[in-house]
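K.L.:
The feature compositional bias 'Low complexity' is assigned by TrEMBL to 342-358. For 319-358, the entry in TrEMBL reads region 'Disordered'. TrEMBL lists 15-56, 57-88, 99-140, 141-182, 183-224, 225-266, 267-299 with the feature repeat 'WD'.
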(Lines of atoms letter the chains of each structure in order from A; the text may use other names.)
(Lines give C-alpha, C1' and ligand atoms only; values in the text may rest on other atoms or scores of the structure.)
Protein backbone atom coordinates (compact mmCIF):
# COMPACT_ATOMS: atom_id res chain seq x y z
CA UNK A 1 0.00 0.00 0.00
CA UNK A 2 1.25 3.47 -0.80
CA UNK A 3 1.10 6.29 1.72
CA UNK A 4 -1.89 8.60 1.30
CA UNK A 5 -1.36 11.89 -0.53
CA UNK A 6 -1.32 14.90 1.82
CA UNK A 7 -2.95 17.09 -0.83
CA UNK A 8 -4.40 16.81 -4.29
CA UNK A 9 -2.09 17.80 -7.15
CA UNK A 10 -2.24 21.57 -7.56
CA UNK A 11 -1.67 23.93 -10.48
CA UNK A 12 1.44 25.94 -9.59
CA UNK A 13 2.07 28.05 -12.70
CA UNK A 14 1.08 28.39 -16.30
CA UNK A 15 3.20 29.82 -19.08
CA UNK A 16 1.94 31.76 -22.09
CA UNK A 17 4.13 32.45 -25.10
CA UNK A 18 3.45 29.86 -27.77
CA UNK A 19 1.33 30.91 -30.73
CA UNK A 20 -0.05 27.48 -31.58
CA UNK A 21 -0.68 24.08 -29.96
CA UNK A 22 1.97 22.79 -27.54
CA UNK A 23 3.27 19.39 -28.65
CA UNK A 24 5.86 18.38 -26.06
CA UNK A 25 7.27 19.29 -22.63
CA UNK A 26 10.32 18.18 -20.64
CA UNK A 27 12.06 19.27 -17.42
CA UNK A 28 15.83 19.67 -17.00
CA UNK A 29 17.55 17.47 -14.41
CA UNK A 30 17.55 20.14 -11.69
CA UNK A 31 13.96 21.25 -12.51
CA UNK A 32 15.18 24.82 -13.03
CA UNK A 33 14.16 24.80 -16.68
CA UNK A 34 11.15 23.49 -18.57
CA UNK A 35 11.27 23.13 -22.35
CA UNK A 36 8.25 23.05 -24.65
CA UNK A 37 7.80 22.56 -28.37
CA UNK A 38 4.92 23.86 -30.44
CA UNK A 39 3.21 23.84 -33.82
CA UNK A 40 4.40 27.47 -34.06
CA UNK A 41 7.87 26.09 -35.09
CA UNK A 42 9.52 27.41 -31.88
CA UNK A 43 10.97 25.95 -28.71
CA UNK A 44 10.49 27.80 -25.45
CA UNK A 45 12.69 27.31 -22.39
CA UNK A 46 10.84 28.50 -19.31
CA UNK A 47 12.55 29.25 -16.00
CA UNK A 48 10.90 27.90 -12.88
CA UNK A 49 12.34 30.83 -10.93
CA UNK A 50 9.63 33.54 -10.84
CA UNK A 51 10.09 36.74 -12.86
CA UNK A 52 12.68 35.14 -15.16
CA UNK A 53 12.29 35.68 -18.89
CA UNK A 54 11.81 32.66 -21.12
CA UNK A 55 14.06 31.82 -24.07
CA UNK A 56 12.45 31.44 -27.50
CA UNK A 57 14.50 29.37 -29.94
CA UNK A 58 13.74 29.70 -33.65
CA UNK A 59 15.53 27.47 -36.13
CA UNK A 60 13.14 24.77 -37.24
CA UNK A 61 11.27 25.56 -40.45
CA UNK A 62 8.07 23.77 -39.41
CA UNK A 63 6.23 22.54 -36.31
CA UNK A 64 8.36 21.33 -33.38
CA UNK A 65 6.95 17.93 -32.43
CA UNK A 66 9.19 16.82 -29.55
CA UNK A 67 11.73 18.07 -26.98
CA UNK A 68 14.04 16.24 -24.55
CA UNK A 69 16.78 17.44 -22.19
CA UNK A 70 20.03 15.47 -22.03
CA UNK A 71 20.54 13.64 -18.69
CA UNK A 72 22.92 16.38 -17.50
CA UNK A 73 20.50 19.12 -18.57
CA UNK A 74 23.20 20.95 -20.57
CA UNK A 75 21.75 20.04 -23.98
CA UNK A 76 18.24 20.10 -25.37
CA UNK A 77 17.10 18.03 -28.36
CA UNK A 78 14.13 18.82 -30.59
CA UNK A 79 12.49 17.13 -33.56
CA UNK A 80 10.35 18.75 -36.22
CA UNK A 81 8.02 18.37 -39.14
CA UNK A 82 10.90 19.84 -41.19
CA UNK A 83 12.49 16.32 -40.98
CA UNK A 84 15.43 17.47 -38.84
CA UNK A 85 16.65 17.08 -35.28
CA UNK A 86 18.41 19.97 -33.55
CA UNK A 87 20.60 19.87 -30.45
CA UNK A 88 20.54 23.19 -28.58
CA UNK A 89 22.60 24.70 -25.79
CA UNK A 90 19.70 25.97 -23.63
CA UNK A 91 21.09 29.39 -22.78
CA UNK A 92 20.33 32.93 -23.93
CA UNK A 93 22.24 32.46 -27.23
CA UNK A 94 20.22 29.40 -28.22
CA UNK A 95 22.78 27.99 -30.66
CA UNK A 96 22.05 24.63 -32.26
CA UNK A 97 23.45 21.83 -34.42
CA UNK A 98 21.30 20.18 -37.10
CA UNK A 99 21.06 16.40 -37.62
CA UNK A 100 19.62 15.14 -40.92
CA UNK A 101 18.76 11.54 -41.85
CA UNK A 102 14.98 11.18 -41.67
CA UNK A 103 12.89 11.65 -44.82
CA UNK A 104 9.68 12.69 -43.06
CA UNK A 105 8.41 14.34 -39.85
CA UNK A 106 10.42 13.51 -36.71
CA UNK A 107 7.86 12.66 -34.00
CA UNK A 108 10.03 11.78 -31.02
CA UNK A 109 13.54 12.31 -29.62
CA UNK A 110 14.98 10.76 -26.45
CA UNK A 111 18.48 10.72 -24.93
CA UNK A 112 20.05 7.55 -23.57
CA UNK A 113 20.76 7.69 -19.82
CA UNK A 114 24.51 8.14 -20.45
CA UNK A 115 23.87 11.09 -22.78
CA UNK A 116 26.14 9.59 -25.45
CA UNK A 117 23.35 8.73 -27.91
CA UNK A 118 19.76 9.56 -28.66
CA UNK A 119 16.91 7.84 -30.50
CA UNK A 120 14.37 9.36 -32.89
CA UNK A 121 11.08 8.15 -34.38
CA UNK A 122 9.64 9.36 -37.67
CA UNK A 123 6.81 9.25 -40.18
CA UNK A 124 9.32 7.61 -42.54
CA UNK A 125 8.48 4.41 -40.55
CA UNK A 126 11.96 4.17 -39.00
CA UNK A 127 13.56 4.48 -35.59
CA UNK A 128 17.09 5.92 -35.77
CA UNK A 129 19.91 6.00 -33.24
CA UNK A 130 22.50 8.80 -33.25
CA UNK A 131 25.79 9.62 -31.52
CA UNK A 132 25.43 12.86 -29.55
CA UNK A 133 29.05 14.02 -29.44
CA UNK A 134 30.23 12.70 -32.81
CA UNK A 135 27.01 14.14 -34.30
CA UNK A 136 26.66 11.03 -36.38
CA UNK A 137 23.82 8.80 -37.53
CA UNK A 138 24.50 5.26 -36.27
CA UNK A 139 21.74 2.89 -37.45
CA UNK A 140 18.05 2.44 -38.25
CA UNK A 141 15.40 0.04 -36.93
CA UNK A 142 12.96 -0.57 -39.76
CA UNK A 143 10.22 -3.13 -39.10
CA UNK A 144 7.26 -0.80 -38.54
CA UNK A 145 4.87 -0.53 -41.49
CA UNK A 146 3.38 2.86 -40.63
CA UNK A 147 4.40 6.14 -38.96
CA UNK A 148 6.42 5.74 -35.76
CA UNK A 149 5.16 8.21 -33.15
CA UNK A 150 7.47 7.51 -30.21
CA UNK A 151 10.75 5.76 -29.30
CA UNK A 152 12.50 5.59 -25.91
CA UNK A 153 15.61 4.01 -24.41
CA UNK A 154 15.30 1.72 -21.40
CA UNK A 155 16.85 3.09 -18.17
CA UNK A 156 19.97 0.93 -18.69
CA UNK A 157 20.22 1.85 -22.39
CA UNK A 158 20.14 -1.76 -23.60
CA UNK A 159 16.63 -1.75 -25.04
CA UNK A 160 14.57 0.60 -27.19
CA UNK A 161 10.77 0.64 -27.31
CA UNK A 162 8.77 2.17 -30.16
CA UNK A 163 5.08 2.92 -30.82
CA UNK A 164 3.51 3.16 -34.24
CA UNK A 165 0.39 3.83 -36.28
CA UNK A 166 0.65 0.18 -37.35
CA UNK A 167 -1.02 -0.50 -33.94
CA UNK A 168 2.08 -2.19 -32.52
CA UNK A 169 4.61 -1.51 -29.79
CA UNK A 170 8.00 -3.00 -30.61
CA UNK A 171 10.83 -3.86 -28.24
CA UNK A 172 14.35 -3.72 -29.72
CA UNK A 173 17.76 -4.92 -28.55
CA UNK A 174 20.14 -2.00 -29.10
CA UNK A 175 23.24 -4.19 -29.52
CA UNK A 176 21.85 -6.77 -31.97
CA UNK A 177 19.45 -4.21 -33.55
CA UNK A 178 16.81 -6.97 -33.64
CA UNK A 179 13.14 -6.67 -32.73
CA UNK A 180 12.77 -8.72 -29.55
CA UNK A 181 8.97 -8.63 -29.37
CA UNK A 182 5.89 -6.97 -30.86
CA UNK A 183 2.92 -6.08 -28.65
CA UNK A 184 -0.26 -6.05 -30.74
CA UNK A 185 -3.08 -5.49 -28.21
CA UNK A 186 -3.94 -1.91 -29.20
CA UNK A 187 -7.00 -1.46 -31.40
CA UNK A 188 -5.75 1.73 -33.06
CA UNK A 189 -2.68 3.96 -33.52
CA UNK A 190 -0.26 3.85 -30.55
CA UNK A 191 0.60 7.43 -29.59
CA UNK A 192 3.19 7.19 -26.80
CA UNK A 193 5.29 4.60 -24.99
CA UNK A 194 7.72 4.72 -22.08
CA UNK A 195 9.73 2.49 -19.76
CA UNK A 196 8.89 2.09 -16.09
CA UNK A 197 11.80 3.46 -13.97
CA UNK A 198 12.70 -0.13 -13.03
CA UNK A 199 13.15 -1.04 -16.70
CA UNK A 200 10.97 -4.13 -16.22
CA UNK A 201 7.73 -2.74 -17.68
CA UNK A 202 6.51 -0.48 -20.46
CA UNK A 203 3.33 1.59 -20.72
CA UNK A 204 1.71 2.65 -23.99
CA UNK A 205 -1.22 4.92 -24.82
CA UNK A 206 -3.42 4.82 -27.88
CA UNK A 207 -6.04 6.45 -30.07
CA UNK A 208 -8.37 3.70 -28.78
CA UNK A 209 -8.57 5.70 -25.48
CA UNK A 210 -6.59 3.05 -23.58
CA UNK A 211 -3.38 2.72 -21.57
CA UNK A 212 -1.70 -0.69 -21.38
CA UNK A 213 1.21 -1.89 -19.23
CA UNK A 214 3.34 -4.91 -20.18
CA UNK A 215 6.15 -6.83 -18.46
CA UNK A 216 9.13 -6.76 -20.86
CA UNK A 217 10.57 -9.97 -19.39
CA UNK A 218 7.49 -12.19 -19.79
CA UNK A 219 5.71 -9.95 -22.39
CA UNK A 220 2.49 -10.37 -20.41
CA UNK A 221 -0.14 -7.62 -20.34
CA UNK A 222 -0.16 -6.56 -16.67
CA UNK A 223 -2.63 -3.70 -16.63
CA UNK A 224 -5.25 -2.21 -18.94
CA UNK A 225 -6.97 1.12 -18.37
CA UNK A 226 -9.87 2.61 -20.31
CA UNK A 227 -10.58 5.74 -18.32
CA UNK A 228 -10.42 8.52 -20.93
CA UNK A 229 -13.29 9.31 -23.31
CA UNK A 230 -10.96 10.24 -26.21
CA UNK A 231 -7.47 9.45 -27.53
CA UNK A 232 -4.67 9.28 -24.95
CA UNK A 233 -1.88 11.42 -26.41
CA UNK A 234 0.93 11.11 -23.87
CA UNK A 235 1.96 9.49 -20.59
CA UNK A 236 4.77 9.75 -18.05
CA UNK A 237 5.89 7.57 -15.12
CA UNK A 238 6.53 9.10 -11.71
CA UNK A 239 10.18 8.38 -10.73
CA UNK A 240 9.00 6.20 -7.84
CA UNK A 241 7.29 3.94 -10.38
CA UNK A 242 4.06 4.02 -8.37
CA UNK A 243 2.15 6.49 -10.53
CA UNK A 244 1.44 7.22 -14.18
CA UNK A 245 0.06 10.50 -15.54
CA UNK A 246 -1.79 10.63 -18.87
CA UNK A 247 -2.92 13.44 -21.20
CA UNK A 248 -5.95 13.06 -23.44
CA UNK A 249 -7.93 14.72 -26.20
CA UNK A 250 -10.86 14.70 -23.72
CA UNK A 251 -8.97 17.74 -22.26
CA UNK A 252 -8.14 15.98 -18.97
CA UNK A 253 -5.04 14.68 -17.24
CA UNK A 254 -5.43 11.52 -15.16
CA UNK A 255 -3.14 10.12 -12.48
CA UNK A 256 -3.17 6.35 -12.04
CA UNK A 257 -2.01 4.46 -8.94
CA UNK A 258 -0.18 1.54 -10.55
CA UNK A 259 0.27 -0.44 -7.35
CA UNK A 260 -3.47 -0.36 -6.65
CA UNK A 261 -4.46 -0.43 -10.32
CA UNK A 262 -6.92 2.44 -10.02
CA UNK A 263 -7.59 6.04 -11.00
CA UNK A 264 -6.48 8.55 -8.37
CA UNK A 265 -7.16 11.96 -9.92
CA UNK A 266 -8.75 13.60 -12.93
CA UNK A 267 -7.36 17.10 -13.54
CA UNK A 268 -9.11 19.77 -15.61
CA UNK A 269 -7.12 22.75 -16.80
CA UNK A 270 -6.70 22.73 -20.56
CA UNK A 271 -9.32 24.11 -22.91
CA UNK A 272 -9.33 21.52 -25.67
CA UNK A 273 -7.08 18.46 -26.10
CA UNK A 274 -4.25 17.90 -23.60
CA UNK A 275 -1.44 16.90 -25.95
CA UNK A 276 1.58 16.24 -23.74
CA UNK A 277 2.59 15.57 -20.13
CA UNK A 278 5.85 14.82 -18.29
CA UNK A 279 7.01 14.40 -14.69
CA UNK A 280 10.11 16.26 -13.51
CA UNK A 281 13.18 14.10 -12.84
CA UNK A 282 12.39 14.08 -9.11
CA UNK A 283 8.64 13.71 -9.48
CA UNK A 284 7.88 16.79 -7.40
CA UNK A 285 6.25 18.46 -10.41
CA UNK A 286 4.68 17.51 -13.71
CA UNK A 287 4.03 19.71 -16.73
CA UNK A 288 1.33 19.53 -19.38
CA UNK A 289 0.66 21.22 -22.71
CA UNK A 290 -2.38 21.51 -24.92
CA UNK A 291 -3.93 22.75 -28.13
CA UNK A 292 -4.90 25.86 -26.11
CA UNK A 293 -1.22 27.00 -26.43
CA UNK A 294 -0.82 26.73 -22.64
CA UNK A 295 2.02 25.12 -20.68
CA UNK A 296 0.94 24.25 -17.14
CA UNK A 297 3.10 23.21 -14.19
CA UNK A 298 1.48 21.10 -11.46
CA UNK A 299 2.79 20.18 -8.01
CA UNK A 300 2.41 16.44 -7.46
CA UNK A 301 2.03 16.43 -3.65
CA UNK A 302 2.81 12.69 -3.51
CA UNK A 303 4.12 11.89 -0.05
CA UNK A 304 5.76 8.60 -0.98
CA UNK A 305 9.50 9.19 -1.56
CA UNK A 306 12.39 11.43 -0.72
CA UNK A 307 12.81 13.34 -4.01
CA UNK A 308 16.47 14.05 -3.31
CA UNK A 309 17.15 10.33 -2.96
CA UNK A 310 15.71 9.67 -6.43
CA UNK A 311 18.02 12.36 -7.83
CA UNK A 312 21.05 10.82 -6.14
CA UNK A 313 20.52 7.35 -7.60
CA UNK A 314 19.64 8.55 -11.08
CA UNK A 315 23.19 8.00 -12.40
CA UNK A 316 23.73 5.19 -13.24
CA UNK A 317 20.08 4.25 -13.98
CA UNK A 318 18.48 2.99 -10.82
CA UNK A 319 16.22 -0.03 -10.62
CA UNK A 320 13.66 1.77 -8.51
CA UNK A 321 10.01 1.02 -9.12
CA UNK A 322 8.57 0.80 -5.62
CA UNK A 323 9.31 -1.26 -2.55
CA UNK A 324 8.62 -4.32 -4.69
CA UNK A 325 10.40 -3.40 -7.92
CA UNK A 326 7.58 -4.64 -10.13
CA UNK A 327 3.92 -3.98 -10.84
CA UNK A 328 0.99 -6.18 -9.83
CA UNK A 329 -1.19 -7.69 -12.55
CA UNK A 330 -4.45 -5.86 -12.07
CA UNK A 331 -7.26 -4.44 -14.14
CA UNK A 332 -8.64 -1.10 -12.87
CA UNK A 333 -12.09 -2.64 -12.65
CA UNK A 334 -10.88 -5.53 -10.47
CA UNK A 335 -10.22 -5.07 -6.72
CA UNK A 336 -6.49 -4.86 -5.89
CA UNK A 337 -6.67 -8.04 -3.83
CA UNK A 338 -7.16 -10.06 -7.00
CA UNK A 339 -3.74 -9.03 -8.31
CA UNK A 340 -0.39 -10.71 -7.71
CA UNK A 341 0.49 -11.32 -4.06
CA UNK A 342 3.02 -9.14 -2.27
CA UNK A 343 5.31 -12.16 -1.70
CA UNK A 344 5.65 -12.95 -5.41
CA UNK A 345 6.24 -9.25 -6.10
CA UNK A 346 8.99 -9.11 -3.49
CA UNK A 347 10.74 -12.13 -5.00
CA UNK A 348 11.41 -10.14 -8.19
CA UNK A 349 12.71 -7.02 -6.48
CA UNK A 350 16.14 -5.65 -7.34
CA UNK A 351 18.52 -3.56 -5.29
CA UNK A 352 18.78 0.09 -6.36
CA UNK A 353 22.19 1.26 -7.51
CA UNK A 354 23.50 4.18 -5.49
CA UNK A 355 26.48 6.54 -5.81
CA UNK A 356 28.05 9.05 -3.42
CA UNK A 357 26.55 12.51 -3.86
CA UNK A 358 29.96 14.17 -4.40
CA UNK A 359 30.90 11.71 -7.18
CA UNK A 360 27.51 12.16 -8.85
CA UNK A 361 27.89 15.95 -8.78
CA UNK A 362 31.41 15.73 -10.24
CA UNK A 363 30.25 13.42 -13.05
CA UNK A 364 27.31 15.71 -13.77
CA UNK A 365 29.65 18.68 -14.07
CA UNK A 366 32.12 16.83 -16.35
CA UNK A 367 29.37 15.53 -18.64
CA UNK A 368 27.75 18.96 -18.75
CA UNK A 369 31.01 20.68 -19.68
CA UNK A 370 31.67 18.03 -22.36
CA UNK A 371 28.19 18.65 -23.80
CA UNK A 372 28.75 22.40 -24.00
CA UNK A 373 32.31 22.10 -25.39
CA UNK A 374 31.16 19.65 -28.07
CA UNK A 375 28.37 21.92 -29.16
CA UNK A 376 30.66 24.99 -29.13
CA UNK A 377 33.21 23.18 -31.34
CA UNK A 378 30.42 22.15 -33.69
CA UNK A 379 29.09 25.72 -33.98
CA UNK A 380 32.62 27.06 -34.58
CA UNK A 381 33.16 24.43 -37.30
CA UNK A 382 29.91 25.48 -38.98
CA UNK A 383 30.93 29.15 -38.87
CA UNK A 384 34.41 28.30 -40.22
CA UNK A 385 32.82 26.40 -43.13
CA UNK A 386 30.61 29.38 -43.90
CA UNK A 387 33.60 31.73 -43.77
CA UNK A 388 35.58 29.47 -46.13
CA UNK A 389 32.64 29.37 -48.54
CA UNK A 390 32.39 33.16 -48.52
CA UNK A 391 36.15 33.54 -49.12
CA UNK A 392 36.00 31.13 -52.07
CA UNK A 393 33.09 33.09 -53.51
CA UNK A 394 34.97 36.37 -53.10
CA UNK A 395 38.08 34.93 -54.84
CA UNK A 396 35.96 33.59 -57.70
CA UNK A 397 34.26 36.97 -58.11
CA UNK A 398 37.65 38.73 -58.04
CA UNK A 399 39.01 36.39 -60.72
CA UNK A 400 35.99 37.08 -62.92
CA UNK A 401 36.47 40.84 -62.53
CA UNK A 402 40.18 40.54 -63.40
CA UNK A 403 39.37 38.45 -66.48
CA UNK A 404 36.91 41.08 -67.67
CA UNK A 405 39.29 44.00 -67.13
CA UNK A 406 42.34 42.31 -68.66
CA UNK A 407 42.75 43.41 -72.34
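Note that Cβ sites are derived from N, Cα and C of the backbone, with glycine treated the same way.
Each of these features: where is it, how hidden is it, and who are its neighbours?
P.N.:
Taken together, the residues in the repeat 'WD' (15-56) have a mean pLDDT of 95 on the 0 to 100 scale.
Taken through DSSP, the repeat 'WD' (57-88) splits into 0 helix, 18 strand, 14 coil.
Outside the repeat 'WD' (99-140), and at least 6 residues removed from its termini, the chain residues within Cβ reach (under 8 Å) are 65-72, 75, 77-81, 83-87, 146-153, 155-157, 160, 162-164, 172, 174, 177, 315-317, 367, 370-371, 374, 378.
If you look at the repeat 'WD' (141-182), the same-chain residues 6 or more away from its ends with a CB under 8 A from one of its CBs are 104-105, 107-108, 110-114, 117, 119-123, 125-129, 188-195, 197-199, 202, 204, 206, 214, 216, 219, 316-319.
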K.L.:
By Cβ distance under 8 Å, which residues at least 6 away from the ends of the repeat 'WD' (267-299) in the same chain are close to it?
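P.N.:
For the repeat 'WD' (267-299), the sequence-distant neighbours (Cβ-Cβ under 8 Å, at least 6 residues beyond its ends) are 9-31, 34, 36, 38, 44, 46, 48, 230, 233-240, 245-255, 305, 307-308, 310-311, 314.
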K.L.:
What are the DSSP helix, strand and coil residue counts for the repeat 'WD' (99-140)?
P.N.:
0 helix, 24 strand, 18 coil
